[in-house]
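Have a look at the structure below before the remarks.
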């Protein structure tokens, strides 16, 4: 798992539940007694991981089914949403094994250790990359609406998705190679065992891809989006769009930034002056808490990117076989859209709030008002 970084201490657990290491805190001239984080994790993590798995699996499978059965993947946005849901599912299917391992020990062997660690990393990086693509897609649809009609094609979505998966796999390779099943303190543990140089490289890479890069892209894109929306005249729709955009941006960093900061501090303990007994013990606890928080983000994605839209709720009822009123507007050039007519064609997919799209032939500023329901 991402947080199970190999400790540089030789650990022995005594009967009192404290972790005694050969590390000496020279400020006090005594061995470092660390509270056993694993003991707490064995009680709390299995039920937490189980809840995350259940809600996340149901939510993301629902998104996948609706996108495939109802939407038919006719929008670039829907293609990215599908891949984001798949990323979360890859991430989620590893949780039952981590839950079992936290309660007992790793009993699935070295091959399964590498396989599920690979799925975990690929789902993690894939989720980040598709959030970035959704951000860029939203930027093009709102700020460069006319250009977006030509550039945001299904073919472009498929090609960029394939490239994104390849990059996610490549970013996951170090974690897969250096992860193995090994016996520690009489129990088998599945975790990464990086050489010193590789551990530093992997932590820096993870922070660049998981924190710095998405932060930079989101600030640039959403700054342009906000400037464009603030020039529009429809105040109610404008405020709704701004709220959704800020939710997308803030929630991701709210769930994953603490974890990225903690693993950076944990890897470079000596540089930050955190190599004393008390600090390392607090970092161990913070690592476990922040990773669990980050894992729950895969449950939030279906809510942020899908359930906030009225169109999605309509499609949800259709998927369940309910009889409801027809949608107000055709979706992505679907049924009801006739070539050569000045009709409305949505460019936002399931992210639409009220499903209003761009009218072909309109001036860019006029069309932007239709997109504010995102």
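Every residue, even glycine, has its Cβ placed from backbone N, Cα and C.
Quick look at what Swiss-Prot lists:
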DISULFID  113-190  disulfide bond
CARBOHYD  14  N-linked glycosylation site
MOD_RES   26  sulfotyrosine
MOD_RES   139  phosphotyrosine
REGION    348-374  region 'Disordered'
TOPO_DOM  1-42  topological domain 'Extracellular'
TOPO_DOM  71-80  topological domain 'Cytoplasmic'
TOPO_DOM  101-114  topological domain 'Extracellular'
TOPO_DOM  137-153  topological domain 'Cytoplasmic'
TOPO_DOM  179-206  topological domain 'Extracellular'
TOPO_DOM  227-243  topological domain 'Cytoplasmic'
TOPO_DOM  269-285  topological domain 'Extracellular'
TOPO_DOM  310-374  topological domain 'Cytoplasmic'
TRANSMEM  43-70  transmembrane segment
TRANSMEM  81-100  transmembrane segment
TRANSMEM  115-136  transmembrane segment
TRANSMEM  154-178  transmembrane segment
TRANSMEM  207-226  transmembrane segment
TRANSMEM  244-268  transmembrane segment
TRANSMEM  286-309  transmembrane segment
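Taking every recorded stretch in 43-70, 81-100, 207-226, 244-268 and counting its Cβ pairs under 8 Å to the transmembrane segment (115-136), the highest total belongs to 81-100.
The residues of the topological domain 'Cytoplasmic' (137-153), classed with DSSP into helix (H, G, I), strand (E, B) and coil, number 14 helix, 0 strand, 3 coil. Mean model confidence of the topological domain 'Extracellular' (179-206) amounts to 88 (pLDDT, 0 to 100 scale). Classification of residue 113 (disulfide bond) by DSSP places it within a helix. Looking at residue 190 (disulfide bond) and the residue listed as 'phosphotyrosine', their Cα atoms lie 41 Å from each other. Residue 113 (disulfide bond) and residue 139 (phosphotyrosine) have their C-alpha atoms 39 Å apart, to the nearest angstrom. Sequence-remote contacts of a segment are chain residues at least 6 beyond its ends whose Cβ falls under 8 Å from one of its Cβ atoms, and for the topological domain 'Extracellular' (101-114) they are 38, 41-42, 45-46, 49, 176, 179-181, 187-190.
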